[in-house]
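To keep things clear, I will list the structure first and then write my remarks on it.
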Amino acid sequence: MLPLVRELVCGSESELLEPGWKNRSHLPHITSCGQHTDFSTIPTFFLCIFSPVLIYALRHTHNAKLQSFSPVSFRILLGGLLVLDLIATIIYSLYLYLNKPSVFDVVHLYGDLVQFGGFCLALLLTVACKNRGLITSGVITLYWLIVIICGAPELRYYLSGFVYHEYPVDLCKATLYIISYGISFLELFLCCFADRPTNLYKKENSCPEYTASFINQLTFQWFTELAVLGNKKSLEKEDLWDLNERDKAENLIPSFLGNLTPGIENYRLRIKMHPEEAIPKNHPSIFGPLFKTYKFSLIAGATFKLMFDMIQFFAPHLLKQLIKFIEDKTQPLWIGVSIVCIMFLSSLLQSMVVHQYYHTMFRLGMHVRSVLTSAVYAKALNLSNEARKGKSTGEIVNLMSVDIQKIQDMAPTMMLFWSAPLQIILAIFFLWRLLGAAVLAGFFGLLAVLPLNGLIVSQMRKGHAEQMKYKDERIKMMSEILNGMKVLKLYAWEKSMEKMVLEIREKELRVLRKLSYLNAGIIFSFVCAPFLVSIVSFVVYVLIDPENNVLTPEICFVALSLFDILKMPLALVAMVYAEAVQCAVGNTRLKEFFAADEMDSQSISYEKSESSIEIKNGYFSWSSTEDATLHDISLNVKRGQLVAIVGRVGSGKSSLLHALLGEMNKIAGHVHVNGSVAYVPQQAWIQNMSLQNNILFNKPYNSKDYDRVVKNCELKEDLANLPAGDSTEIGEKGINLSGGQKQRVSLARAVYQNSEIVLLDDPLSAVDSHVGKHIFENVISSSTGCLATQTRIFVTHGLTYLKHCDKVIVLKDGTISEMGTYQQLINNNGAFSEFLEEFLINESRARGRAVSIGQEDGEVDEILRDLGQVSPGILQRLESHLSQESESERKSERDFRLEFSRENSRKSVLLHSPSSKHEETEALLGSLAKEKPTKDVTTLIEKETVETGNVKFGIYLAYFRAIGIPLTLLFFFAYVASSILGILSNFYLAKLSDKEKANAETGNGTRNDVKMQLGVYAALGIGQSSVVCVSSIILTFGIVRASKRLHAELLGNIMKSPMAFFDVTPIGRMLNRLGKAS
């Protein structure tokens, strides 16, 4: 395009450089035509092409207007001066056209008009940047850089005329241009500084990346401060900057889930209509949503990679020109200097581009890991009961720690799928131009290797799938062992469990050994392939025409340069294939996981109505393949009612609460819930955090509400006994709390949430009777409880609470047998009365001892009176049974007190005294609290530490010993041997090329000499490839061996650790070490 413009404007005098430039001893000038057409058009053309990118950024920025005294204001002022300068230049050109036609040159006018258009557009975009709050613009910065570069020849022309008086120059034009060039340089200088929006609030530890200028971002100057600090000391978490807003998970997840969810929902609808299509190949892909979410990052990464691939082919061409310059002594020095400078600039540009590529792709990998981990976690919380049976905790941990990691690792190398073939094609094309048809021999040799690699890759894919299956099995087993470690130690099952894990590990290691051999084969083929291409090409090149085809330094070194470029994609393809296989396995496992059935979010209606909870003809099951667990359920709960649910064990009380939570499959019927829901499970769920945070559960702290909740839930005395009060860290699964304490913390969490509906699954069963009575009166009761205005569904076995409830629901065999007030059910003398009789008889065995040690039994007598009024026979049987049970328990209690007082009279008083109100405050770490603490008493779980600084030699030595010292030394010598053979082959080829050129000039040498020399070169290369293959096998075998030893030692140490270790070490941390680090 530019030569065409030059020809149209300049006519016949359209040369770019001045005549005879090759023979000049100094750097030639650019012709007036070239300067005012090509060099004036390039900056404006660039700005017009890339201005849409800047406009897009302006439309999507959310910053306020830039500050008035920031660099942008001075750039606007300078931009105005540039426009005025160009206007003056154009007016002067018109003056020459009207008054001095002989001096006027239309080429100058064309260049001035084009520059004027570029300056006006740059000024408008700069003003827009200020108004829209754009901190920096790469388009404008690069535009001014190109203006400076393209204007340098004309500046040199005017300065040479002024300084050396080589030719006359127009003083007015020269002055205006020098002023314009100086202002343009100031524009570029000011672009090196970022602007500041008026509303910018910069935190003390905020990342400076997005507040840095484009030049700083391009050169990573913003990172210098952290790099200097890291040079002075080992970096710690506190030294790092906060995440940028665009890198935070809370900002990344919504967009990804928005792209992932529709595919999953479409898949569910599809298999609902056609169940036979629920096969792995139809599972919704995760790569489609990832591409939609990060398409701009992928496009940017692809652009950087394409630029890098194109720039790297400059080096062989420049090398060829440099060799020619060195051989031709007649060429002027400035040509060689120019070639070297261009080589340096191309390398510099190549380095800047490739680092921007890696910066973009590594950030993309981090984003992918964040969103996939969050999606897996969210999916795990929403799995249906049927799907949850087939997804163990170990498998889900593997998905997040292994499979997602494999996909993240693919981010920096994924572009090689198209980049590597492109580089190979371009390299072979340039080799064709250099060596001719001889390169085809090497190319066909390369193609011959591909089927073998395809076979190896398919075997590796199967091997990785098998390895992940064994790994899931091992992690699942370890998860079960760690969760039941107390039982294992009580029965001394450590050795047998350890043997079971090691047997699974041995199967996994057999697969890893197989994969290591396959990987060694891949490495050998791809290390050997570039060398075979080069040697075959050289041999065929010489054999085609021995007289004319001489391996001169120009041909040898340029060809080797191209072969080096060819070697990189071929070598990386091995790694990419291996990672792609693992990524494909991870993708399959993730697809299967995301395709798993979820709880039906539409099974419950949340529309507003008069009733708080309503179920009509509800049928519910735990699995789609099972019969209904609950059937014919119909109930209506008004707002603010207290409804009790009673029934025998297994009658479906807890299942009914799960149905209200949407955790059961709704087979038929209608479920309506009006309001927010809080749930207190039968087994308390406690997080590994402080007790206060367990109660707050991410809700803002309110001291008045918090103190009221703690008091009503009977936690005051517990907080006083804890080492650091409510700041005490609670261990995993509440290990340092008693059962009653955990239940009260769980209840306090639900109360503090202040939800409209509270589901209580027998929360008083784990607390003492007097504590339960206090909690009922202060929390649950409709008359005195703090939840009196909320709707409460109360599953209980405490019959004394039923008369205080607004409604009692009796469940029998998964259906509602009776429903009404307590008095109505007593008067009915139906299933509820039978349940009371059976329950009181069973309870008498458990309650007899409690009554004997001081518990009031007046309410039990009241229940018996209520039954006696309806059925005297029942009353007589119950009184007789309770009397016998009470006498027996009193006798055993006296014996128990006598025996226990001899051993520990102080503990007897605490445990059995009627005045004691705190029977359940004994915690597992209670004895430690009485000792003087030697560390922070608020901390229970020890923080995971990471070694900083240089890796100690002892760490290397320990790993070498795990591999085996002989294997380590053998690998070291093999690696050194491969390096020596590589160096020798390069030196030998250089010597061969020099000798061949000398023989060609003198006419000495024979074809046999060339064959022999190429044979030696081939032997060196094949020897190097063979040694690399051997070293790869040695390395992988040693790594597997070390993995086996370290895993066995780690497992043995865990099994031998005391229970105190498991109290302060999270299970997830141990699973990570056993799963990922081994």
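Numbering starts at 1 and runs along the chain as it is shown here.
Yeah, the Cβs are placed from backbone N, Cα and C, and that goes for glycine too.
TrEMBL entries are annotated by machine, without manual review.
Per TrEMBL, these features apply:
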TRANSMEM  42-60  transmembrane segment
TRANSMEM  72-95  transmembrane segment
TRANSMEM  107-127  transmembrane segment
TRANSMEM  134-154  transmembrane segment
TRANSMEM  174-194  transmembrane segment
TRANSMEM  296-314  transmembrane segment
DOMAIN    299-582  domain 'ABC transmembrane type-1'
TRANSMEM  334-354  transmembrane segment
TRANSMEM  415-432  transmembrane segment
TRANSMEM  438-458  transmembrane segment
TRANSMEM  517-544  transmembrane segment
DOMAIN    613-838  domain 'ABC transporter'
TRANSMEM  967-989  transmembrane segment
DOMAIN    969-1078  domain 'ABC transmembrane type-1'
TRANSMEM  1014-1040  transmembrane segment
In the domain 'ABC transmembrane type-1' (969-1078), how many residues does DSSP call helix, how many strand, and how many coil?
99 helix, 0 strand, 11 coil
Which of 134-154, 174-194, 296-314, 415-432, 517-544 has the most Cβ pairs closer than 8 Å to the transmembrane segment (438-458)?
517-544
Using a Cβ cut-off of under 8 Å, list the residues of the same chain at least 6 residues beyond the transmembrane segment (42-60) that approach it.
2, 114-115, 117-118, 121-122, 125, 128-129, 132, 134, 137, 139-140, 142-143, 146-147, 150
Non-local residues, at least 6 beyond the ends, that sit with Cβ under 8 Å of the transmembrane segment (334-354):
22, 25-27, 218-219, 304, 307-308, 311-312, 314-315, 318-319, 321-322, 325-326
Taken over the domain 'ABC transporter' (613-838), the model's mean pLDDT:
86
